[in-house]
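**Q** The ATP binding site annotation in TrEMBL covers LYS463. The domain 'Bulb-type lectin' annotation in TrEMBL covers 1-85, 89-213. The domain 'EGF-like' annotation in TrEMBL covers 219-256. Per TrEMBL, domain 'Apple' is recorded for 271-352. Under the heading domain 'Protein kinase', TrEMBL lists 433-720. Annotation source TrEMBL lists transmembrane segment at 371-396.
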Amino acid sequence: MRLVYILPEFQKGRTVVWTASCDTLPFSNNATLRFTSDGRLTVEQTQGRQIDLLDTGGASFGSLQDSGNFVLYDSTGRTILWQSFDYPRDTLLSGQRLLPGQTLFSSVWKTDQSIGVFRLIMQGDGNLVLYPNRGTGDHAYWASNTPTAGPNVTLNLDSDGFLYLLQNSTYFIYNLTQGGYPTKDTLYLMKFDFDGIFRLYYRNLTNVGKNGSVMWAFSSNRCIGPGLCGVNGYCFVVNGSAGCRCLPGFEFVNPERWSLGCKRKDTVESCKITDVGTAIKMTNLNNARREDAMYLIPKASTQDECSSACLNDCNCEAALFTGQECRLQRLPLRYVEVIDSESNVGLIKVYESALNNRTNHSIHVKKERQIAIIAISISLISFDVLVLLISGIIMYKTRVWAYKKISKNLNVQLFEDMGPRAFSYSALEKITDGFKEELGRGSFGVVYKGIIESSMRPMAVKKLKQELAPEGEREFQTEMKVIARTHHRNLTRLLGYCCDGPERLLVLEYMTQGSLADILFAPKESKPKPCWMERIRMAVDIAHGIFYLHEECEIPIIHCDIKPQNILLDEYGCAKISDFGLAKLLEHDQTKTSTLIRGTRGYVAPEWHKRLPITVKVDVYSFGILLFNILCCRRNVDNSLPEGEAILEDWVYECYEAKEVLKLVDYDEDVEKTRLEQMVKIGLWCVQEEPSLRPSMKRVVLMLEGTVKIPVPPNPTSFLSVV
């Protein structure tokens, strides 16, 4: 027995519609459920040990209603102290609602009510969304697309099978089913099944043969739920049912538990194989798609080159070849899909041990085989060297020809998969129409908009000031080094550069929505502020980008100038960190450095002014200030406001201490107070004056995504930049 079940005889056997806890181990079959005289619901084990399930504070009796609602009343029988309808698990019964902020969790399996892989959330913005249980907003696989409906939207199920979203208990805003199904002798329920699909079931109380039939499902694709088969596995459909397979070279961790994923069949201590009995090869998985968690994009224009790049990289366990780009990845591989419409090819590194296939041949035969293998290997290596030499000569001549063509021709073509390209100054001058349209400017230079006529593709051209020759050259070299080492969805990409005489220019991807400062600080009448969910997504995007710089790069990088002006947004609203001219690269084993003060007033960490060693925690401080900017949609200092509100950091802490955080967002009804408090606490931890108290960016990401608890922050001791 697992705590408490309410079990109507619905489908074949029994269907669990509610359980008191999904997270604990089941109790023994002879455990006893007791309702105590002081209103507690407990489970008594065989050894007399009691475990409290519910403490209602004085309930006198309970009732299991025909609706399936388990209710506890006070002594008068008029006041409900607790009811199971307020705490749904994976099921909604007729008359039950999913309230704003509530979540349904899928179960692990049909017979195991532990929390499974997926969650269905009635978000505070009015959007009903499906996520993998450990995924972020980017991994949502279905939504009602009602994010502007407001905070008072509920998911409802009526007795006639009508499943719908209702605003303020009055307005119908989204119908999932049409309802109007027969109600006589019929029972309906919505169940969020283990495969990540929520369905409407019905039971005909007079016709036992039709029990548990599916009336409706939000999708007919049994493999729509990302992660159903766990890491390193993928879903397939056979005869209308979903099944799971492991990637080549992998096997199930537990064949009875798909969600646990797959592990390698064979492993080796090092990818540098010296044992002739072991081999490494790349195996194809056609029509593949998976989470974009690549760590490197090598220069590989063919599938064979992509395979070789992975084989020669000990960090690489798999690659995804898109036809234009090779994306190297580490394990585990999440959300793998095999879809006919996909043209991508998955390349999986497979370790094969010859011990698995050896027979009882003599030692003499083994030695002959080894000699043959070595001879063939030497021949193949010699051939490969010859091919590589010829390919290198061809590629060199091709690059020289391409560069000459770029210098002479206005119709410049960018091939992102080939890495940053060299441009002549005259080509960039023509592309920008004489540096006509200015996008923005900083202390080291100006950014202009350019258009490639042949493709009409826009790009951003950053021109460094010649009068700042030493500083400009240093910024140019730093930005080139940093961006060349990074590949991440939340960092801007370097498409090309120009070193033509004294001219120094960088060619970057163009961000259609401009900078975060343009959006946050624009007058309300000219541009609407981003909605609450957009602000959260921006914060998470930026945190992921900084975390990548600090801990996932080949060499740790301190950005040193995190601020709204250096955060750009693409056409989809994805935030990307830009402007690496002040960045500091650390050595592999280096955790701190000494350098002159750099950064922007208001975002500079206190240790810069105290001449203390500089660590990645300076970026954490800047992110904390930036987070306050995002939450409040205002600048750090605003002298037009009352004295107590002028300095943003101080005002945030005062509102937090007074439990009045909604003042920070002008009591915006779309903002979830609980989520706002969490974000404020994260920001306050980031801006602690003592660097050791600030969390790492990895922990910041975990806190933003709700994976770890956020402790109460101390007063950060406000420190104003005076430079």
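Using N, Cα and C of the backbone, Cβ positions are placed for all residues, glycine too.
Just so you know, TrEMBL annotations are computer predictions that nobody has curated.
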**Q** Using DSSP with the three-state reduction, classify LYS463 (ATP binding site) as helix, strand or coil.
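**A** Assignment for LYS463 (ATP binding site) reads strand.
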**Q** When DSSP states are grouped into helix, strand and coil, how many residues of the domain 'Bulb-type lectin' (89-213) land in each?
**A** 6 helix, 60 strand, 59 coil
**Q** Run through the Cβ atoms and count how many others sit within 10 Å of the one on LYS463 (ATP binding site).
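**A** Other Cβ atoms within 10 Å of LYS463 (ATP binding site): 23.
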**Q** Find the average pLDDT over the domain 'Bulb-type lectin' (1-85) in the predicted model and report it.
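**A** On average, pLDDT over the domain 'Bulb-type lectin' (1-85) sits at 75.
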**Q** What counts of helix, strand and coil residues does DSSP assign across the domain 'EGF-like' (219-256)?
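**A** Secondary-structure composition of the domain 'EGF-like' (219-256): 0 helix, 15 strand, 23 coil.
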